[in-house]
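J.: Below is one structure. I have some questions about it.
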Amino acid sequence: MDGHEERRILIAPDSHSSVSRSVELQKRTARSASMSLPVSSARENQFIPLSGPLSSIQNMQNVFDPNQTIHRHRSRSRAIMPVDMSATDWAGGNPSRKNENLLRSGHLGTCSEPYCTSCPTMFNEKESQTKKYRASTAIDPKLGNPFLTDGRGWTRKSLAFMNSLIPPIMNPHAKIVQNWNKFFVISCLVAIFIDPLFFFLLSVLKDDKCVVFNWTLALVITVVRSVTDFFYFLHMLLQFRLAYVAPESRVVGAGDLVDEPKKVAAHYLRGFFPFDAFVVLPLPQVMIWVVLPEFVASPANYAKNLLRASILIQYIPRILRFLPLAVGHSASGFIFESAWANFVINLLMFVLAGHVVGSCWYLFGLQRVNQCLRNACALSNLSDCKGLIDCGRGDKKEPLSSLMLWQAEQNSTNCFNIASNFFQYGIYQQVVLLSTEQNVVKRYIYSLFWGFQQISTLAGNLVPSYFVWEVLFTMAIVGLGLLLFALLIGNMQNFLQALGRRRLEMQLRRRDVEQWMSHRRLPDSLKRQVRHAERFNWAATRGINEEELLQNMPEDLQREIKRHFFTFLKKVRIFTLMGEPTLDVVYGKLRQSLYISGSNILYQGGPVEKMVFIVRGKLESIGSDGNKTPLSEGDVCGEELLTWYLEHSSLNKDGVKIRFPGYRLFSDRTVRCLTNVEAFALRATDLEEVTDLFARFLRNPRVQGVIRYESPYWRLIAATRIQVAWRYRRKRLQRMQTQ
């Protein structure tokens with residue numbers, strides 16, 4: 001930055017001196033790597049009063065050193081402080097203020113992008129919160145002693161303690177949020193299963209011809225429902241501290257996270273908060289424990305209608321809130337990413353549909369039984385029979401004469417005799433006798449079976465009566481069955497097909513290969529080799545194109561994966577001398593190669609076009625004189641190509657590489673596979689590029705010695721030359737002895 005900038009540094013007085021001194025420094029700031037903070041255009045108060053002895057400064061001349069960095073200022077005594085640049089607002093935006101609330105959340109400290117899934121820990125969250133609490137509860141000397149005045153200190157400490165309990169703004173892609181979403185979906189699924197069980201609290205006493213309410217089962221169900229409502233309430237609180245992606249920022253890229261607490265709270269209040277607040281209300285609990293006891297003496301129809309209304313009025317919104325989470329529409333994307341988890345979710349959705357249909361069928365059938373008893377009461381001459389239809393908890397004390405007359409009434413008896421045709425039950429005929437079963441497990445299991453049966457058959461065997469609501473219920477079963485077959489069953493079918501997709505691809509490829517070989521009239525010997533190669537290729541790769549898979553990943557991640565893949569290469573002695581940059585270039589050029597038993601990687605007189613690094617399998621190298629050298633895991637063949645490139649590469653005066661067209665290296669040996677071989681190959685063009693980049697390293701005599709020592713090719717040449725020299729010397733000795 002050009003220009004002058006005035007800086008003032010105040011040296012605090014000694015504890016034994018009352019005279020303060022100020023040192024005014026004026027210097028020209030230059031562009032420097034040690035000064036990377038922008039300067040605020042607004043002038044601020046740069047005098048920061050501090051206390052402490054000046055003797056704590058060990059080296060005063062360093063304070064006036066113009067080349068001193070900000071970090072060196074910080075390492076000195078606190079009596080001298082630089083200007084606080086972090087508190088200023090930069091022109092054009094302050095990057096340090098981006099996601100400043102996420103910086104307080106510990107593990108999300110370095111997350112600035114909305115789709116961050118793993119964030120390094122910047123500091124200890126507990127320690128930072130403790131420091132924040134201590135700093136916030138510090139007593140300001142300007143305010144005096146709060147313990148001796150009006151108690152403002154206690155208020156501030158209480159507020160600071162409450163603020164420390166509030167969690168920070170959280171990233172929706174944090175691991176803890178993803179785990180909570182999974183737990184919340186399971187909790188919602190349990191709640192959706194629990195609500196229809198309220199319908200089984202009602203049953204019929206056949207002898208007394210009245211409807212009874214199971215209060216013991218109601219206690220268990222309401223407790224479980226209260227627990228699920230509590231988890232739902234915790235999820236609502238989490239939404240107030242969960243960052244969201246601004247919709248206007250999704251025009252380019254993934255969008256920006258909004259982490260300001262007020263905006264996050266306002267976003268949730270304008271969104272699903274009213275919906276969630278209505279769903280989390282404990283209406284069934286209130287109805288059972290507060291409202292229903294007041295209606296015990298009234299007809300059971302009132303209590304049943306109130307209970308049904310309170311459950312259904314919340315059940316449909318709860319399902320609408322649960323379904324998007326189940327299919328993966330959440331702020332963090334897919335909640336259950338594995339195929340098996342999605343399969344289980346789809347299966348549970350089918351079970352849930354049968355559970356809901358069976359429970360509603362039981363409730364509606366019980367309502368028809370209750371209506372039949374009411375009609376029988378209207379036809380009888382009994383004045384107080386409507387009160388006898390409701391048994392309450394089953395312990396109501398009724399006049400014996402009225403009860404005996406009601407039990408002997410013929411019309412009420414015909415309500416349980418389907419053959420009498422006293423009342424048209426339609427599709428609820430089986431509920432008449434089922435409702436008299438006092439075992440709640442039997443009632444639920446049979447209702448669940450009925451629900452599965454009707455969904456699977458699309459209610460094909462149902463013949464409803466002329467009752468309008470019964471016809472509408474039958475139509476709803478047909479529509480729900482069609483929806484399940486179109487969505488859930490289709491998803492399960494796709495999952496099952498996905499499990500066998502690779503196998504299907506293999507079968508199709510084999511069929512194509514067989515048709516191609518028949519079309520080209522290949523001999524049987526070649527056909528056997530082609531089939532063998534296809535089977536081995538599929539077994540080694542599982543039909544996955546690894547190169548295409550890696551291309552869609554970040555470059556640094558590709559390097560890490562390739563380093564993991566090619567760890568075996570460090571067993572090769574030449575690579576032990578290479579650094580990571582050289583190895584990364586080599587890793588990027590390697591290509592997987594598969595050879596079946598009997599294949600020739602190199603043959604005598606053929607061009608050498610690649611270096612092959614053996615991963616698995618056994619080979620043999622046959623020289624021109626018939627000598628055989630075994631090769632196995634960790635060995636290399638075709639290494640003479642590297643030496644050849646180093647020897648035949650040179651530069652002209654302009655630094656341009658001189659090429660020798662038409663001149664190639666030919667092999668003087670045959671490398672044959674004894675078993676199936678997995679290897680990685682470095683092509684000639686890629687090898688030439690590597691030698692150009694690292695020619696100085698590869699021309700190192702030590703590296704050249706390693707190459708020749710480990711190479712079977714150079715070993716063979718060395719052994720041949722030694723043999724030739726030994727034979728020549730032996731002939732000379734023999735000639736000298738004969739002379």
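Yeah, the Cβs are placed from backbone N, Cα and C, and that goes for glycine too.
Automatic prediction, not curation, is the source of TrEMBL annotations.
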J.: For the record in TrEMBL, which of the ranges 1-37, 38-74 is the region 'Disordered' one?
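T.: Among 1-37, 38-74, the range TrEMBL annotates as region 'Disordered' is 1-37.
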J.: Under an 8 Å Cβ to Cβ limit, what residues of the same chain, 6 or more beyond the ends of the transmembrane segment (272-292), are close to it?
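T.: Same-chain residues near the transmembrane segment (272-292) but 6 or more away: 195, 198, 213, 218, 222, 225-226, 229, 232-233, 235-236, 239, 303, 306-307, 310-311, 313-314, 317-318, 321.
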J.: If we skip the immediate neighbours and take only residues 6+ beyond the ends of the transmembrane segment (183-205), which ones have a Cβ under 8 Å from one of its Cβ atoms?
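T.: Hits for the transmembrane segment (183-205): 211-214, 217-218, 221, 224-225, 228-229, 231-232, 235, 284, 288, 300, 304, 307-308, 311, 314-315, 318-319, 321-322, 325-326, 335-336, 348, 352, 355-356, 359-360, 362-363, 366, 369, 391, 394, 435-438, 440, 443-444, 447.
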